[in-house]
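Participant: Please see the structure below; I have some questions.
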Amino acid sequence: MANKEKLPWDLEEEILSRVPPTSLDRFKTVCKRWNALFNDKTFINNHKMTFQFVLSTRSKIYSVSVNPKVEVRELTLNNPGLKAQRHKNLFATSGLLLCDVGNGAVVWNPWLKQSRCIKLEVNEPSLDFLGIGYDNNKRVEEIVYKTLSVYMKDLGSQYTWKIHDFASDTWIDQEIEKTKYSRRITEGSVTIRLTNLSVVSLNGKFFKFCDLPSGKNRRRDALALRVFREDRFSLLRQCHVTKKIKIWVTKNKIDNRYGGDVKWMSFMEVSIPTMPDLEHPKFNSQPSYFIDDKRLVICSCDETGRAWIYVVGGNKLVSKTQLDSVVDPWPLHCTYFPSLVLVPGGQREEAELQVQFQFPYLCFSYMEAKNLHVTTELYVPGKTKSSIKLHYG
């Protein structure tokens, strides 16, 4: 018996949380409520196919989720640029991954299976991609993404910023003052010095952003800067001698003002003498991490290069899991939060027009979002199927 009625919202949300991410973006136009739901970070984080880390080896790329069980999945590499050679660097910004592949880079949204290759104007063996960002110009509605890289024009000469504009597909060079760049300590598009944080704007200028709360650090101390709750910074420091971990977060959200009004506050301290070193300078391996409420989740490599996931909470090591399926040692890794951000000018795999999901008592099938109705079939074993047509406008 067909009835024109709506399912309970919590059930509807549960069904949508099982829809493949490649179709979620298309479904934004179904109704305002769905559009608002898909823009909600809580929905994205609770999606059945979400993950928190990305690891790259010589030949494969993996996603790792911790919910709370650690699950490792191999991500498909449908872009020739991702398959061609070992990645030099791996960065994540706003749901996009930047993979430095030596002779260029690939910008990738693994959740949406979209990618785009960035080709160099000329071969620059010394060029390193450092990150991806966008102009913080509120007067422009469309976000213009840019990548930041650095290279040495000639042996012994000073470094030069190289900035790629996605919209125009053009490159801009900007020379760097010799005293303002150190290749060893650059992390993404920010540079962590011993006592302060410097940033590079996308016009190639270099600014001191703020002082760091960690004070003076030893050479083998782990020091990692990450985004906290989307609009703030967090800083992790592990003392090489005592293994003590301390985390600070910025009190207020970060804006585009370069100044000294950034205030840090102590967020977490963990003292576990048996905690392994999170940094291995020989291989330039820094930890990746995220903070979930009062739980600290870290991805790091041990002294043999094997990848591990450590979950810390309540001043104790809750669990540690070796990622056995990641075979190659010393993988690149980064924290990654999925999003529905489209890769500018990117190519997407063709999604199937109809997908079906199995629940214990529910079979949900849908067509592309261009059809403004969804048919849901409810099935209870031993009884006849019934259909409910849901109409949205």
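Each Cβ is built from the backbone N, Cα and C atoms, and glycine gets one as well.
What you see is a predicted model, and the numbers here were worked out from it, not measured in a lab.
Among the features that Swiss-Prot reports, domain 'F-box' is placed at 1-47. Annotation source Swiss-Prot lists repeat 'Kelch 1' at 151-199. Summarising the annotation, Swiss-Prot assigns repeat 'Kelch 2' to 308-357.
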Participant: As a quick check of your reading of DSSP, tell me how many residues in the domain 'F-box' (1-47) are helical, how many are strand and how many are coil.
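Facilitator: Secondary-structure breakdown of the domain 'F-box' (1-47): 29 helix, 1 strand, 17 coil.
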Participant: Taking only the residues in the repeat 'Kelch 2' (308-357), give me the average pLDDT of this model.
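Facilitator: Mean pLDDT for the repeat 'Kelch 2' (308-357): 78.
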